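Colleague: The following feature annotations were taken from Swiss-Prot:
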COMPBIAS  21-35  compositional bias 'Polar residues'
COMPBIAS  92-103  compositional bias 'Polar residues'
REGION    16-24  region 'Homomultimerization'
REGION    19-42  region 'Disordered'
REGION    80-103  region 'Disordered'
MOTIF     35-49  motif 'Nuclear localization signal and RNA-binding (RRE)'
MOTIF     71-82  motif 'Nuclear export signal and binding to XPO1'
C-alpha cells in the first residue's frame, strides 16, 4: 500500500510539472530579431526555473510512513470497552438434582 501512495505522490508531482510546462509555451510571433531572441532567452530562463523546481519537488522526501510502534499505539487508542448488559439481579435457585433424571 505504501508503494501505491508513493506512486500517487509521484503522479501528482508530474501533473504539476506538466501544468507548469503547458503554461509556458514556446514563444512565437513576429518581431525583430532582437525581440525574438529576447523572448527565447526569457523562455529559456523560465524553463531552467521550471527544471530547478522539478528537481526540488523530486528531491523532497515523502513523509515517513508510520512505524509499527505508531500503528500499534493508534490501534490501542481506537479500542473501546463494549457496553456489557447488566448482570441479573436475582439468582435462579439451584436444585441439587437439577439435570438428573428421576428414577
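Just so you know, glycine gets a Cβ as well, placed from its N, Cα and C.
Map these features onto the structure and tell me what's around them.
Modeller: Within the same chain, residues 43, 46-47, 50, 53-54, 57 sit at least 6 positions outside the region 'Homomultimerization' (16-24) and bring their C-beta atoms closer than 8 Å to a C-beta of that stretch.
In terms of DSSP secondary structure, the region 'Disordered' (19-42) contains 14 helix, 0 strand, 10 coil.
Listed as Cβ neighbours of the motif 'Nuclear localization signal and RNA-binding (RRE)' (35-49) (distance under 8 Å, sequence separation of 6 or more from its ends, same chain) are residues 24, 26-27, 29.
Averaged over the motif 'Nuclear export signal and binding to XPO1' (71-82), the predicted model reaches a pLDDT of 78.
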